[in-house]
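Okay, so here's the structure we're looking at.
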Amino acid sequence: MNNDLTNKETAHKDIATPNRTKEILKKYGFNFKKSLGQNFLIDTNVLRNIVDAANLDETSGAIEIGPGIGALTEQLAKRVDQVVAFEIDQRLLPVLKDTLSPYDNVQIIHSDVLKADINEAIKAHFKDGQDLMVVANLPYYVTTPILMKLLELKLPIRGIVVMIQAEVAERIAAKPGTKDYGSLSIAAQYYAEAEKVLTVPASVFVPQPRVDSAVLRLTIRQKPAVEVIDEQYFFKVFHASFANRRKTILNNLVHNLASKSQKAEIEQALAEADIDPKRRGETLSIEEFAKLSDSLYKILQP
Ligand code: SAM
């Protein structure tokens, strides 16, 4: 029996169909590792929607995290100039070599993306000034650290389109005054405009995840949403403000940013920023947090 997936007939069938995926998994005796967030996409329509949301063309470059058996990688390779994908699981390397053999514009980097030098990879594999997007079906156990790394590195990318847990997508894209709005919304929206573009049923994955999924698009801002004296301090201020959602902003700041002895200074900073000390963190806009951070910085930092 000819079981070679690179033969002409099978090579041009999409990877992301239930049958082809089953065939590939069987050929390699592949067992999913739950600890690596392995839920593979088996629906080419969903994949095309993800790629469409990234607005790529044949001059673009795509950076993928966790190619799995290559379902999304293949759709990207068909659409863009170059794909670079980071995969942590060594067992997938021979599989990807096989499934992606029809495409000569894909580079797989065997690495934990959280440890990888992404800037170096961009320099090595893409052209200077090339239009770049991160496009991925992320491993859910590390969604937030991966997204924060991508944003904090200030990479030369236009944006990020990712499949993540629906609940996290809602938190990231949330507006002030809503139940989902919190420090993750501010951290992401400081760097990027965030929008949830699609919700997806669990049935488009094998194995099916227990949570609902959604596609999130982050469009990187030319400059951060607000200007602050000290970026790290600004992050500390809004994290402290959400430490206990039932507490007022004053109490959260007293307990989580400064100390009881500095209550008067915190009240003064809130007054200077024109913020009622009885308000709760989730009612403050990113602009108000910026103003508050600068007042606190001037009063509390020696
Ligand atoms: N892109 C494939 C798809 O859509 O079918 C697979 C997506 S699956 C949700 C996540 C992938 O990320 C898996 O292949 C997993 O091995 C890989 N992965 C998990 N943790 C990783 C990490 N820290 N760095 C790089 N890849 C990782």
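Backbone N, Cα and C atoms are what each Cβ position is placed from, and that goes for glycine too.
Any TrEMBL annotation is an automated prediction that lacks curation.
Taken from TrEMBL, the feature S-adenosyl-L-methionine binding site covers N39, L41, G66, E87, D112, N137. For 46-222, the entry in TrEMBL reads domain 'Ribosomal RNA adenine methylase transferase N-terminal'.
Put plainly, the binding-site residues E87, D112 were compared by Cβ crowding within 10 Å, and the winner is E87. Taking a C-beta cut-off of under 8 angstroms and a sequence separation of 6 or more, N137 (S-adenosyl-L-methionine binding site) has the following same-chain neighbours: N39, F40, L41, I50, G66, G68, A71, L72, V162, M163. When other Cβ atoms within 10 Å of the Cβ of L41 (S-adenosyl-L-methionine binding site) are tallied across all protein chains shown, the result is 23.
Binding of S-adenosyl-L-methionine is attributed in the record to N39, L41, G66, E87, D112, N137, and the widest Cα separation among these residues amounts to 20 Å.
Neighbours of N39 (S-adenosyl-L-methionine binding site), defined as other CB atoms within 10 A of its CB across all chains, total 25. According to DSSP, D112 (S-adenosyl-L-methionine binding site) sits in a coil region rather than a helix or strand. Confidence annotation: the domain 'Ribosomal RNA adenine methylase transferase N-terminal' (46-222) carries a mean pLDDT of 97 in the model.
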